[in-house]
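Structure first, commentary second.
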Amino acid sequence: MKIGLIGGTGLYDLFHLLTEQCIETEYGQVPLLKGEYEGKKVYFLPRHGTVHGVLAPYVNYKANLMALKKAGVDQIIAVSAVGSVNPDIPISGLTLPDQLVDFTRRRENTYGKFSADMTLPFCPDLQQAVRSAAQENGQKLYENTTLICVDGPIYETRNELQLFSSWGMDIVGMTNATEAALARELGICFSVVTLSTDLATGFASIPPDLATHKKVAAENKEKVKALVEKALSLLPKQKSCQCAKSYNDYMFLKK
Ligand SMILES: [Zn+2]
């Protein structure tokens, strides 16, 4: 099995002998960083580029996911910074969402070949590995939560946030719904762990800003790394999920 990690630069030093490999796709060229962890091949994809330059709406998601597919990756753990609209999830809280609502309106989230089943958007096998990792590490993980994905890069208005909260949303992000949909279309298992870097409740006295976001991300780097590292070591050898079913059915019918 080959594992993909999507996230910020804080995860680089998980691996030994990280080498860059450029993958050509029909959607563009993607540099991946290849390494090993406990004998498993790991491909690291810096979501926003290596210098955190590309904002969420302009990320080339279709190229990114296709590059991981071409590299042979069949399981992806993504890490994202989000805002909390559930006041129970504090700044620095780690969340394992099990549902998502795609509220993006200006980006493509499909390769347009067939209709993939997204009833359960995240891989249960990967989620179990993350859950067990948090337990073994003694880390608090917020579960049974829903992530709402917006276009960004602009932050939400107070009324938008109150609306999301009234809908029962827990966290707001800008990338994961797109990644989850494209991964599902390619038959790749996908799960996300989020770090809340601001309280996007619309009631918070401190408005969200990039400096705070970066500060919280930096302060929690080791915590996130410890969780991902442990989850990698707990991944099951045999899959029991149905993440690849739509893709396999499509490939079978195409023959
Ligand atoms: Zn799966």
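Glycine is no exception: its Cβ is also placed from the backbone N, Cα and C atoms.
Residues or ranges marked as phosphate binding site in TrEMBL: Thr9, Arg47, His48, Ser80, Ala81, Thr175. In sequence order, Arg47, Ala56, Val59, Tyr61, Ala78, Ser80, Cys149 constitute the residues six or more apart from Thr175 (phosphate binding site) in its chain with CB-CB distances below 8 Å.
Taking Cβ-Cβ distances under 8 Å and a sequence separation of 6 or more, the neighbours of Met174 (substrate binding site) in its chain are Ala56, Pro57, Cys149, Val150, Asp151, Gly152, Pro153. In the three-state DSSP assignment, the secondary structure recorded for Met174 (substrate binding site) is coil. TrEMBL lists Met174, Asp198, Leu199, Ala200 with the feature substrate binding site.
Residues annotated as domain 'Nucleoside phosphorylase' in TrEMBL: 2-232.
Marked as site 'Important for substrate specificity' by TrEMBL: Glu156 (among others). Of all Cβ atoms in the shown protein chains, 20 besides its own fall within 10 Å of the Cβ of Glu156 (site 'Important for substrate specificity').
Positions annotated as site 'Important for substrate specificity' by TrEMBL: Leu210 (among others). Non-local neighbourhood of Leu210 (site 'Important for substrate specificity'): empty, since no residue in the same chain at least six residues away has a C-beta under 8 Å from its C-beta. In this structure, Leu210 (site 'Important for substrate specificity') is part of a helix by DSSP.
Considering other CB atoms within 10 Å as the measure, the emptiest surroundings among the binding-site residues Arg47, His48 are those of His48. In terms of local Cβ density within 10 Å, Ser80 ranks first among the binding-site residues Ser80, Ala81, Asp198.
Taking CA atoms as the reference points, Ala81 (phosphate binding site) and Asp198 (substrate binding site) are 9 Å apart. The separation of His48 (phosphate binding site) from Asp198 (substrate binding site), Cα to Cα, is 19 Å. In the three-state DSSP scheme, Arg47 (phosphate binding site) falls into the coil class.
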